[in-house]
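Asks: First the structure, then my questions, so here it is.
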Amino acid sequence: AADGYARARGVGACVVTFTVGGLSVLNAIAGAYSENLPLICIVGGPNSNDYGTNRILHHTIGLQDFSQEPRCFQTVTCYRAVVNNLEDAHELIDTAVSTALKESKPVYISIGCNLPGIPHPTFSREPVPFALSPRLSNMMGLEAAVEAAAEFLNKAVKPVLVGGPKMRVAKASDAFVELSDACGYAVAVMPSAKGLFPEHHSHFIGTYWGAVSTAFCAEIVESADAYLFAGPIFNDYSSVGYSLLLKKEKAIIVQPDRVTIGNGPAFGCVLMRDFLAALAKRLKHNPTAFENYHRIYVPEGHPLKCEPKEALRVNVLFQHIQNMLSGDSVVIAETGDSWFNCQKLKLPKGCGYEFQMQYGSIGWSVGATLGYAQAAPEKRVIACIGDGSFQVTAQDISTMLRCGQRTIIFLINNGGYT
């Protein structure tokens, strides 16, 4: 749920019991780490007076060492704080929250269960407004990267743009739209970036996903003589088993703070949003790739309607889901079959889309639906979940009901964990 909340609001938090809660939530924290979501995991830790006493506490595995839990969190968080006294609590907590927001990763904060009841002079002060210093690009590196990229793309005959999932953590979606408007290139997104670029954009050609791309999208991307990928992740899922027909020498890869151009130079300390915004002012307008797409594109036919007593087919179901979508909707797709079916949905302006492609933990969507709906009550959340995944986290439905949420869940019996 904290994962879904962070997707809607920019940061999420969860509070759990020491060890039994911490190790239970570890899987969800790992998922948030993989998706670059700032999430604050707060643990009610042992009484500060129990440290160093060799006592064995409940909710542990019977060891006198209380460091087991923070060690488990080491590889799925960017910072861990164990608060055992009030003297440095302020500094540790501020550092943890700041690091989560700067790194866009989860952090772990364990607070001794006796500390909240102890008075301290700092509690009487007015809280200081929280602020972070903005990150800045190296201006010389930025200028050099933009100049090299503009030269690379302006000499291409049919260049394209492809948006990737790291545009979210880079806060570069608006800059990517600005670049798309300026250059006129055909624009695709990777599957895990669906929802980060407006699908009503005049030059949007769909999802680039190798052999399972949107119709005619792969042909345009893979036949281009230059492509710019903004924030890509090339894992076995997104590359369809590393089968993408791309050539490194044709690619500009833009990561949140680094730009690599073909087989040539790489430019560090260059923020993605600064680079894309500056590049938009340097590119020549070139709609060739989009015009090629427009020539070969054939609209998909609509499936035949089901007879009243006929079994409901998936393609007919998703035609009805498509008709339900509006700018006030958010689609949440579960791992498995729902990924592929939801990728085919055409998102109207303002419609959100979320799924967990990197980590792919079944059952993720139920909790994410709960958290997202709580964070964005003005949105109608539509979740598509397979029955196998639903069994893992179905208990979150009770919390949805308690909170009065108006989520729509399509529970799809697909015959297994697919």
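First residue shown is number 1, and so on along the chain.
Every residue gets a Cβ built from N, Cα and C, even glycine.
The model shown is predicted, which means the values in this text are computed figures rather than measured ones.
When I checked Swiss-Prot for this same protein, it listed these features:
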- HIS59: substrate binding site (BINDING)
- ASP387, ASN414, GLY416: Mg(2+) binding site (BINDING)
- 337-418: region 'Thiamine pyrophosphate binding' (REGION)
Asks: Enumerate same-chain residues with a sequence separation of six or more from ASP387 (Mg(2+) binding site) and a Cβ-Cβ distance below 8 A; give 'none' if the list is empty.
Replies: LEU411, ILE412, ASN413, ASN414
Asks: If you draw a 10 Å sphere around the Cβ of the residue listed as 'substrate binding site', how many other Cβ atoms fall inside it, taking every protein chain shown into account?
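Replies: Its Cβ has 13 other Cβ atoms within 10 Å.
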Asks: So, three-state DSSP: helix, strand or coil for ASN414 (Mg(2+) binding site)?
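Replies: Its secondary structure by DSSP: coil.
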